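What TrEMBL records for this protein:
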- 52-87: repeat 'PPR' (REPEAT)
- 115-145: repeat 'PPR' (REPEAT)
- 146-180: repeat 'PPR' (REPEAT)
Amino acid sequence: MDFAKGVGLHGQLFKIGVHLDVFVGTSLIDFYTAMCDLNTTKKVFEELPVKDEVTWYAMLSSYVNKFNDMEKARDLFEKIPCKDLVIWHTIILGYVKAGDVELAKEYFDRATVKDLLMYNTILGCLAKNGEVECALRLFHEMPCRDLVSWNTVIGGLVRDGRINEAMRFFHQMKKVNLLPDDVTLASLLSACAQAGALDTGKWLHSYIDRRCAELNAVIGTALVDMVG
């Protein structure tokens, strides 16, 4: 739907008095957000007499994902009466995308509900911003971990030049019966190339030959870089 047709439909909804319905209002918020009309998006939201979880999320997501206004997002977030997992995800991811590690951590710590995705999001934020020790502490505190969690910590250690620790995590990952993927192996091979750790790199090459039926482009390039 183009902007003119949407506005026309909004006018018709206003005339028949259903524009204040929570479902209709939320749909209008989504429409004006998609049309990049922040002023009307806010006006529709503020005029709704009743707002449900979807309405609050639609407005918060508008600030975070469309208009990149974390100040307004934060103000709105504090007014949301019932904050579910999706709402916490949205504000935390907004600060991660904005590069504000401290506020991302603050809201993560405040979150009353957490899942593995939220843990992995903040773990990645810490690791990518050089806060490797904080990432390690969080990793060990996590109630459960998946391959993304392990790869994030290994990648953080690699970027920090801590190849031996990265290899220890690699071996620990295998001990918990979690097989490394292309991301894990390429990250470690890259670290071996940067550090000149040929013995470790040769061991990894041998491991890949034993475990992988064929090399993909990422691992193949990492192997070339290491021996080159």
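Including glycine, each Cβ sits where the backbone N, Cα and C put it.
TrEMBL entries are annotated by machine, without manual review.
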For the repeat 'PPR' (115-145), the number of residues DSSP places in helix, strand and coil: 23 helix, 0 strand, 8 coil
Chain residues in Cβ proximity to the repeat 'PPR' (52-87) (below 8 Å; excluding those fewer than six residues from its ends, i.e. six or more beyond): 22, 25-26, 29-30, 33-34, 36, 38, 41-42, 45, 93-95, 97-98, 100, 103, 112-115, 118
The repeat 'PPR' (146-180) - residue tally per DSSP class, helix then strand then coil: 26 helix, 0 strand, 9 coil
The repeat 'PPR' (52-87) - residue tally per DSSP class, helix then strand then coil: 27 helix, 0 strand, 9 coil
